[in-house]
Amino acid sequence: MICLVLTIFAHIFPSAWTGINERTFLAIKPDGYQRRLVGEIIRRFEKKGFCLVALKIMQASEKLLRQHYIALQDKPFYDRLVKYMGSGPVVAMVWQGLDVVKTARVMIGETNPAHSLPGTIRGDFCIDVGRNVIHGSDSRESAQREIALWFQPDELVCWQDSAERWIYE
């Protein structure tokens with residue numbers, strides 16, 4: 001119940017999602033799921049010290065995907081992207097931690113895998129921009145919008161990470 005209240009509070013006061021409480025939305029795309037990269041991707045974020053507060057495997061509807069990628073609706077690849085994202089299971093996740101939005105983007109790598117450094121998810125596992133394994137929110141604002149789009153407030157789990165004192169000063 002406390003978690004639900006905190007989540008609703010965070011929707012009303014976005015500044016509540018800062019510091020070690022910052023949250024981001026990540027989605028392992030159908031290619032990442034089919035290639036069995038889910039465990040490896042989760043492992044990387046856990047080893048970094050971030051907390052997984054929500055996860056679900058789902059077949060995303062066209063309506064959800066069109067809302068999710070609304071900012072890209074004028075791009076020539078928009079319909080192809082929506083069709084591709086609906087072609088198989090997606091692993092939707094919410095991660096929490098200090099500067100998680102920015103750090104997750106660094107860990108993921110560039111949108112075009114050819115520009116991604118080794119050690120990043122896309123640098124290690126991707127070749128083609130159209131099959132780049134994972135989506136990550138690009139700002140706190142988009143993270144809040146995407147989390148609200150993919151998850152109900154009661155699906156976000158608040159928990160105290162016993163390793164937190166070993167991660168944050």
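If you go along the chain as it appears here, the first residue is 1 and each next one adds 1.
Even glycines carry a Cβ here, placed using N, Cα and C.
Feature annotations, reproduced from Swiss-Prot:
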BINDING   Lys29, Arg105, Thr111, Arg122, Val129, Asn132  ADP binding site
ACT_SITE  His135  active site, pros-phosphohistidine intermediate
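Annotated features, which come from Swiss-Prot, shown on the structure.
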| residue | record | Cβ within 10 Å |
| --- | --- | --- |
| Lys29 | ADP binding site | 23 |
| Arg105 | ADP binding site | 17 |
| Thr111 | ADP binding site | 15 |
| Arg122 | ADP binding site | 22 |
| Val129 | ADP binding site | 14 |
| Asn132 | ADP binding site | 22 |
| His135 | active site, pros-phosphohistidine intermediate | 20 |
If you measure every Cα to Cα distance among Lys29, Arg105, Thr111, Arg122, Val129, Asn132, the residues said to bind ADP, what is the biggest one in Å?
15
Other residues, Cβ within 8 Å of Lys29, Arg105, Thr111, Arg122, Val129, Asn132 Cβ centroid (ADP site):
Ile108, Gly109, Glu110, Asn112, Pro113, Ser116, Cys126, Val133, Ile134, His135
Secondary structure at Thr111 (ADP binding site) (DSSP, helix/strand/coil)?
coil
